[in-house]
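Student: Input: one structure, supplied below.
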Amino acid sequence: MASLPLQLLLLLLSLLFSSTASNRTPRPYVVYMGSSSGEAREDVEAAELSHLQMLSSLSSRQENDEKRILIHHYYHAFRGFSALLTEDEASVLSGHDNVVSVFPDPVLLLHTTRSWDFLEVGSRERAKRRYQHPSNDVIIGIIDTGKFPAASP
């Protein structure tokens, strides 16, 4: 009976250490810095440099480590980048002036079970049958008269 409190104590300590270890494990995060403004290429290069400087400002990183943790720059749909960060680093970056939000980038698994059937991979018999009559499904040409039906009187 005396071992039950000891087991509970060990369980609580293991949960505590596992949660602090998970805070130190880098995971992919997206750093959102606002909407894109259709920047020129020079501005994109300056933005990439500012992303690297922002990552180098994190105190827990080694020198030249920011290039290793940077995953991708986003500049078409929105401004920002994705990087491998710990929870503490993500919270530090979320307080930065240029950062709108920082959120985890989960790895999504595809739910496809029939892809190989759709692509007919491994089905040589179907592929042979498909190409026995090469005249089927052939587009000879397209005639474009330049006339728009709605524009005709």
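The backbone N, Cα and C atoms fix where each Cβ goes, and this holds for glycine too.
TrEMBL labels come from automatic prediction, so no person has curated them.
Feature table excerpt (TrEMBL):
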{"type": "SIGNAL", "residues": "1-22", "note": "signal peptide"}
{"type": "DOMAIN", "residues": "29-111", "note": "domain 'Inhibitor I9'"}
Student: For the domain 'Inhibitor I9' (29-111), give the DSSP counts of helix residues, strand residues and coil residues.
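Tutor: The composition, in the requested order, is 28 helix, 24 strand, 31 coil.
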Student: Averaged across the domain 'Inhibitor I9' (29-111), what pLDDT does the model get? Just tell me the whole number, please.
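Tutor: The answer is 83, the mean pLDDT of the model over that range.
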